[in-house]
Amino acid sequence: MQVTRSIPRKLSACRLIHNHHILRSSGPAGRTTSFGFRTVPEESKESLVKGVFDSVASKYDLMNDASSLGVHRLWKDSFVDTLKPGRKGPLRCIDVAGGTGDIALRILDHARENYADRETTVDIVDINAQMLKEGFMRFKKTMYHNTPQVSFHEANAQELTASQFKNDSYDLYTIAFGIRNCTSVPAVLSEAYRVLKPGATFACLEFSKVNNSLLSTLYDQYSFTVIPLLGTILAGDRNSYQYLVESIRKFPSQPDFAQMIRDAGFSTGGDFDGGAWTELWGGIASIHTGVKI
């Protein structure tokens, strides 16, 4: 199991939040972007998001369990079960903003347990070294440690090094709870399209918009009251978890994000639940997929 570093200077960075992850982008002078509910210069977002994940890395899993009552584990299980890695033979996968390794581990376990596949591989990519450290420690406790099936790469999701992450080289690209923290979502999608083989799948698990008004009200009350409080109690960091909650509200709606995926060149289903995306728990989270054509 190898760990590599591949981060071009002055380029962007993406990481997952909830879980996993962060991106940066040095845009033209004067351009701004959102950091939660704040508007900040594009060139500032990278360091701000990095600060969030440096702060929460060691308590990331604990806080995810507490803030979601463990439901994030069910969502991740559904995400990987939907993709069925290993069903059609071994895959070469890339999991971006995946530093803690929980999606990669599910991919490898699913392929092994359901299809006796021990040849599927996952390259775990994250901009944040602290999150990668947590993932590396997780994999040291598994059968995949020191095998060719998993590798860790500190790299920039918006500008993956072409010599290392080659064109048309992966069968599956996953990103879970990370893309909303990126400065430029289109840049991430463009890189995903570049590194995937024709016919390969892009899959994103991300928080989304709740359309039921009652559920939306209850969810907002829980998110803005309970989650920052848990951040204070369990991690000593209210501000980081306040940002995570705010970043969810700033992410595009399901139809808007589906259109962004199509704009990057992917083919998707129709703009409805069960088409371009599948909603989980009333739209609190959604699974988006696209196929490179």
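Each Cβ is built from the backbone N, Cα and C atoms, and glycine gets one as well.
All annotation found in TrEMBL is predicted automatically rather than curated by experts.
Pulled from TrEMBL:
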BINDING   Thr100, Asp126, Asn156, Ala157  S-adenosyl-L-methionine binding site
Would you give the longest CA-CA distance, in whole angstrom, between residues of Thr100, Asp126, Asn156, Ala157, the set recorded as binding S-adenosyl-L-methionine?
16
Here are some binding-site residues: Thr100, Asp126. Which one has the most Cβ atoms within 10 Å of its Cβ?
Asp126
